[in-house]
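Pulled from TrEMBL:
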- A:7-396: domain 'FAD-dependent oxidoreductase 2 FAD-binding' (DOMAIN)
- A:12-17, A:34-49, A:Asp217, A:Glu379, A:395-396: FAD binding site (BINDING)
- A:His42: tele-8alpha-FAD histidine (MOD_RES)
- A:His238, A:Ser250, A:His349, A:Arg390: substrate binding site (BINDING)
- A:Arg282: active site, proton acceptor (ACT_SITE)
Amino acid sequence: MQQHQYDVIIVGAGGAGMRAALESSKRTRTAVLTKLYPTRSHTGAAQGGMCAALANVEEDNWEWHTFDTVKGGDFLVDQDAAEVMCREAVDAVLDLEKMGLPFNRTAEGKIDQRFFGGHTRNHGEAVVRRSCFAADRTGHMILQTLYQQCIKQNVEFFNEYYVLDLLMTDGKASGVVAYELATGELHVFSAKSVIFASGGFGKVFRTTSNAHTLTGDGMGIVWRKGLPLEDMEFFQFHPTGLAGLGVLLSEAARGEGGILRNKDNERFMERYAPTVKDLAPRDMVARAMANEVREGRGCGPDGAYVMLDLTHLEPAHIDAKLPDITEFARTYLGVEPYTEQIPVFPTAHYAMGGIPTNIKGEALANNDDVIPGLYAAGEVACVSVHGANRLGTNSLLDINVFGRRAGIAAAEYAETASFEELPAEPEKYVVELVEGLRNSTGEERIAAIRSDLQATMDLNAQVYRTEGSLKQALVDLEALKLRFADVAVQDKGKRFNTDLLEAVELGFLLDLAEVLVVSALERKESRGGHFREDYATRDDVNFMRHTMAYREVDADGNETIRLDYKPVVQTRYKPMERKY
Amino acid sequence: MDVKVKILRYNPEVVDEAEWKTYSVTLQPTDRVLDALHKIKWEQDGTLTFRRSCAHGVCGSDAMRINGRNRLACKTLIKDLSPDKEITVEPIKGLTVLKDLVVDMDPFFEAYRAVMPFLVTSGHEPTRERIQSQADRDRFDDTTKCILCAACTTSCPVFWSDGQYFGPQAIVGAHRFIFDSRDEGTEQRLEILNDKEGVWRCRTTFNCTDACPRGIEVTKAIQEVKRALIFRRV
Ligand SMILES: Cc1cc2nc3c(=O)[nH]c(=O)nc-3n(C[C@H](O)[C@H](O)[C@H](O)COP(=O)(O)OP(=O)(O)OC[C@H]3O[C@@H](n4cnc5c(N)ncnc54)[C@H](O)[C@@H]3O)c2cc1C
Ligand code: SF4
Ligand code: FES
């Protein structure tokens, strides 16, 4: 076992982690621990853009952006946080440009902007061009640019280090324990501040736009410490995943003029959202698509999907603005988007919930108290700027604004705080976790359990949910947890034991799936990404509040999930019906 | 359909030498090679080791030699590989193999870091964005697409025979900034590439261009850098 000491430890090198590192490493001794090489992080998969009211191509301002964010989030957004994000959005984009990000340009050479779902002028009057972009590779450019700046600034990375535990001393964060993939060795890092920036957990679902590695490790680690997770029932299903695969086709496809059609070739979104049509927020479009399929208007041999139509767009326009996603359609489905419609269906995309934080990125122990030294930013966190449904382009914004804020806050705290003494045998939990799995004599296959987990989540906790379906998911999860106790790890070695780590990751997925389902069961209303067929409307009287879930363990070691609630911060905007 | 996949396995914890192992897998023609590897790992042999993350060709984790050519496992469909014959999978060449299909990527990233792959500017920062015409932006578009997968560098015969050569990717990384109208670091970067292990080692074999899963014209980028060095102007 090796020991290390840094003022600030950042877990994750996606957009949020590296943006935090650029701030923190300027101020104090910082290390970034990441299970992937930084440029492999899933931020690189983001396509469509990053919103900011630059007003480069038409009138716009940050207050309109705030309104759209709040309304898009079905009023579950904390409005103070949304104001911060939308106000700082302009500088966040300009900062990236100054770091070298190659945005597409207008005729005058300014950053170009385009339409994106849910973004409107003057509180819903009409759609507005607010998304700053680099073709359909915006996330790739953000990830590369931030990595390049980290090289310039000599940021210290520990690549392919899996953080598996958070160390706490007297209610303060005091370090982390990491597993080095190459050697199987454990490393104990003592730190004054720890920032989690470890991304989402889309792999609880089968059809997902998320990478294999998005297994919610950060949320799982915090959860096992008895710290809360907020609004976990809110998961976004993106309308346009490649049918059967889940690979994402950005909303930019519709921003650039793409149209969704059913088997009668009808532009069905005209019925569901007469004003903004195909550019309605994601939850509405995803449900509309699922409904077309349910009511027998789906396409294909099984009527299982709808079509995304780009055929009326100029091929040159497609090549300039949507080159990657049209290539995905060609590579994976053999469809030529110039002349053929593309089969699409909703795909699990984004976790609105996560580790609760305030607007400085400080993690919360409950509704009011911060955990000294602990921070979270990016998809792992819940500030909450996305409420019940995130608007497209607001996540790349979130990771930059709150990654930066968390980096500054963590470094400033580290400058005044001192190192806490680590708990006795700091590595104990991880040793037991890892060796328990490695030495297991069980016979259950990791992949079989994961596959059954994803099947029940897709079936029972997706776009449409009911009490019955969620209860079924809970029953299935109980059984899966029992099977997991018998999981077999075939690779017993030390070097690059990805078999072992897949088992560890599956453990996190099982925990988080249960939090999601339990939170969803108790939210007896429909709001944003959470739609209950048995409670089909929003209920502001009883549910205008965030869910706070806690893991509790009784004297006999039995685990239960306790739910509590947190008020929503409202400043300017009163809840209204969400019509588009 | 049943497909035979022959994989070059190596685990220094267990054996001294790499050896081929053949697996039978049931696959759809539209499955990716990555799906085949997953099926083997998940259903037959959990010790099979490879890197992967995004599964759709954007993260650069899974470059490997498939039927003798460097490709991304997640972007190569079974039907495009004449699957009636055995499909061979081995690690990319020229970097130390650590286990099965996993190679040591550190020298590769070191070469990238060495070419100053970041925007260099002087003077006061403007308050708004720097102005750049779309034509100037297009000048270096091709090389911005790089996902650092190493398929190009590890397909290069010069790199195989001389591990000191920066390799095509590093030159692509430099090109992306040399031809960016906002950048002021060109002189320094060209000096670095003028090194004896720099661009002049390139023998224009086009392996790199053929290998690049992002369709980057790697050889052309290298030629442009050579020309910039000769004329000292971009
Ligand atoms: C296909 C796709 C397209 C998208 N398009 C857009 C878009 O156009 N606009 C938009 O705003 N948003 C978009 N999003 C959403 C957005 O890209 C993500 O929410 C965002 O990039 C998440 O960034 P992050 O930094 O929080 O996490 P990630 O980029 O996922 O990074 C997570 C990091 O954590 C590390 N990590 C994880 N677990 C551990 C561990 N145990 N130990 C150590 N390190 C760990 C990983 O190595 C990685 O570096 C898209 C998402 C997807 C999937
Ligand atoms: S230039 Fe192409 S082949 Fe080479 S590292 Fe970049 S993406 Fe991979
Ligand atoms: S897994 Fe990401 S490029 Fe293949």
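Even glycines carry a Cβ here, placed using N, Cα and C.
On the structure: features taken from TrEMBL.
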residue  : record                       : Cβ neighbours (10 Å)
A:Gly12  : FAD binding site             : 32
A:Ala16  : FAD binding site             : 36
A:His42  : tele-8alpha-FAD histidine    : 25
A:Gly44  : FAD binding site             : 27
A:Gly48  : FAD binding site             : 29
A:Ser250 : substrate binding site       : 31
A:Arg282 : active site, proton acceptor : 25
A:His349 : substrate binding site       : 27
A:Arg390 : substrate binding site       : 30
A:Ser395 : FAD binding site             : 27
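Spread of the substrate binding residues is 14 Å (greatest Cα-Cα distance among A:His238, A:Ser250, A:His349, A:Arg390). The distance from the Cα of A:Arg390 (substrate binding site) to the Cα of the residue listed as 'active site, proton acceptor' comes to 8 Å. The Cα atom of A:Leu36 (FAD binding site) lies nearest to that of A:His42, taking the recorded positions A:His42, A:His238, A:Ser250, A:Arg282 as the candidates. DSSP gives A:Arg390 (substrate binding site) a coil state; it is part of no helix or strand.
Same-chain residues that are not part of A:His238, A:Ser250, A:His349, A:Arg390 yet have a Cβ within 8 Å of the Cβ center of the substrate site turn out to be A:Ser209, A:Gln236, A:Leu248, A:Glu251, A:Arg282, A:Tyr350, A:Gly392. Less than 8 angstroms from a Cβ of chain B: among the recorded positions A:Arg40, A:His42, A:Ser395, that describes A:Arg40, A:His42. Spacing of A:Gly48 (FAD binding site) relative to A:Ser250 (substrate binding site) is 6 Å (Cα to Cα, whole number). When secondary structure is read from DSSP and collapsed to three states, A:His349 (substrate binding site) falls in the strand class. Within 10 Å of its Cβ, the residue among the binding-site residues A:Arg40, A:His238 with the fewest other Cβ atoms is A:His238. A:His42 (tele-8alpha-FAD histidine) sits 11 Å from A:Gly12 (FAD binding site), counting Cα to Cα. For the binding-site residues A:Gly12, A:Ala16, A:His238, A:Ser250, a Cα-Cα cutoff of 10 angstroms around A:Arg282 (active site, proton acceptor) retains A:His238. The Cα atom of A:Gly12 (FAD binding site) lies nearest to that of A:His349, taking the binding-site residues A:His238, A:Ser250, A:His349 as the candidates. Near A:Ser250 (substrate binding site), with the C-alpha within 10 Å of its C-alpha, lie none of the binding-site residues A:Ala16, A:Arg40, A:Gly44, A:Ser395. For the pair A:Ser395 (FAD binding site) and A:His238 (substrate binding site), the C-alpha distance works out to 13 angstrom.
Note: the Cα of A:His238 (substrate binding site) and the Cα of A:Gly44 (FAD binding site) are spaced 17 Å from each other. Of all Cβ atoms in the shown protein chains, 23 besides its own fall within 10 Å of the Cβ of A:Leu36 (FAD binding site).
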